[in-house]
Amino acid sequence: MSELKQIRIYTDGSCLGNPGPGGYGVVMIYKQHRKELADGFALTTNNRMELLAPIVALESLKEPCDVILTSDSQYMRQGITEWIHGWKKKGWVTASKTPVKNVDLWQRLDAAAAKHKVDWRWVKGHAGHAENERCDTLAREAAEAKPTQIDKGYQP
């Protein structure tokens, strides 16, 4: 088997109002190549955008890859590395027997991550990390651009 391509992915989500207009930003780096992704939604939450960013990034990869995925979202990182195992066992309910919020995105993230070898990393937000700052800018600009796209899974 050939060696997997090594990709670095940085992600961030933003929401103005929470709920409100939101956006995500992604920076993907492979060798000397760099790709940026961003999109906005008319009504969503910060957590949904924090989940959508890595989903879009991982789903955009055309083959299985060795991924280092860095985010400033403890919610996303802890959810995908710790909480999700229990949620799946319990039929997508939390320890307190309530339905998992954003289950549509958790299931998509789980499926997207399963195709790759992912090292989930956390970086403190707004601490001068260049790629994280760029993702923050992309996400915020997408949210501020008066997006009209509907986040179909958002439930108030």
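Glycine is no exception: its Cβ is also placed from the backbone N, Cα and C atoms.
What Swiss-Prot says about this one:
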BINDING   Asp12, Asp136  Mg(2+) 2 binding site
BINDING   Asp12, Glu50, Asp72  Mg(2+) 1 binding site
DOMAIN    3-144  domain 'RNase H type-1'
Residues within 8 Å of the Asp12, Glu50, Asp72 Cβ centre (excluding the Mg(2+) 1 site residues themselves): Thr11, Gly13, Ser14, Met49, Ala53, Ser71, Ser73, Met76, Gly125, Asn132, Cys135, Asp136, Ala139
Lowest local Cβ density among Glu50, Asp72, Asp136, which the record lists as binding-site residues, within 10 Å: Asp136
Mean of the pLDDT scores, which run from 0 to 100, over the domain 'RNase H type-1' (3-144): 97
DSSP residue counts for the domain 'RNase H type-1' (3-144), split into helix, strand and coil: 58 helix, 49 strand, 35 coil
